[in-house]
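The annotation active site is assigned in TrEMBL to Asp35. Feature annotation from TrEMBL assigns active site, proton acceptor to Asn83. What TrEMBL records for Asp35, Glu222 is Mg(2+) binding site. Marked as substrate binding site by TrEMBL: 36-40, Arg48, His52, 80-82, Trp84, Arg86, Arg203, 209-211. The region 'Disordered' annotation in TrEMBL covers 1-26.
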Amino acid sequence: MLKKWTNRKEEENNTSEEASLDPQNIPEHVAIIMDGNGRWAKKRGLPRVAGHREGMNVIKKIVKTSNKLGVKTLTLYAFSTENWKRPKPEVDFLMRLPERFLKAELPQLIEENVQVRITGSKEALPGHTRDAVNKAIEDTSGNDGLILNFALNYGSRHEMVEAMKDVYKEIERGRLAIEDVTEDIIGSHLMTGGLKDPDLLIRTSGEIRLSNFMLWQLAYSEFWFTEVLWPDFTEKHFKEAIVVYQKRTRRFGGV
């Protein structure tokens with residue numbers, strides 16, 4: 001009975017939050033730093049991997065909510081280039097998560113017209129992870145709905161260095177004059193080339209930093225930080241972030 005009452009209250013809260021959203025001002029691109037899985041598990045006396053497993057379940061809900069609200073791109077910071085420094089058992093588990101998630105959810109993603117993309121260096125991923133990712137990308141390539149973009153083995157500084165190298169090669173080969181190098185040219189060589197810059201960045205767990213995530217692309221994004229740990233993050237929190245976003249005036253350096 002208590003569970004039914006709780007579920008009903010959550011539905012009422014979600015409905016109320018959704019009613020206050022302006023459907024004409026939904027952020028096109030939402031990026032999320034999903035933080036706090038380890039702390040969530042530690043608070044419950046569980047191994048860190050339990051937090052990652054629970055966090056995967058949250059992804060399913062947020063993807064569904066994003067699609068329902070009309071978000072066009074959802075970028076999730078799943079694994080950074082620095083995360084390789086974590087204990088090997090944890091890294092091995094994290095490398096299995098994309099495979100498990102995509103194998104389980106791919107039919108539903110296809111049905112809901114979601115297109116899967118990856119931002120990051122796939123070459124360093126284990127073969128089983130890379131195979132699962134490539135299959136999801138290929139099987140959803142014809143979809144034109146929500147873009148679900150996983151930042152996997154991604155680091156923004158590395159991304160920018162590689163982009164500069166690519167631009168330099170074009171100059172060296174005579175395909176591009178140095179005076180013609182613009183922000184748009186550099187942006188097109190980033191791993192996110194072709195994607196709109198995020199309108200809204202969400203970070204969970206109370207940390208207030210970017211952690212080497214989309215340093216170029218987030219120049220004029222709106223930020224929303226919450227103390228909520230990622231495994232506790234709900235559709236209500238997601239909608240709350242969008243409500244706050246809609247109350248802000250984006251000036252892009254103007255007045």
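Using the three backbone atoms N, Cα and C, a Cβ is placed for every residue, glycine included.
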Please work out which residue of Gly36, Gly38 has the most C-beta neighbours within 10 angstroms of its C-beta, and give that one of the binding-site residues.
Gly36
When DSSP states are folded down to helix, strand and coil, where does Gly36 (substrate binding site) land?
coil
Local Cβ density at Glu222 (Mg(2+) binding site) - other Cβ atoms counted within 10 Å:
19
Considering the binding-site residues Trp40, Trp84, which residue's Cβ sits among the greatest number of other Cβ atoms within 10 Å?
Trp40
Using Cβ atoms only, which residues of the same chain lie under 8 Å from Arg203 (substrate binding site) while being at least 6 residues apart in sequence?
Ile32, Ile33, Asp35, Phe223, Trp224, Phe225, Thr226
Name, in the order they occur in the sequence, the residues of the same chain whose CB lies under 8 A from the CB of His52 (substrate binding site) and which sit 6 or more residues away.
Asn37, Gly38, Glu90, Phe93, Leu94, Leu97
Where Glu222 (Mg(2+) binding site) and Trp84 (substrate binding site) are concerned, what is their Cα separation in Å, rounded?
29
By the DSSP assignment reduced to helix, strand and coil, which category contains the residue listed as 'active site, proton acceptor'?
helix
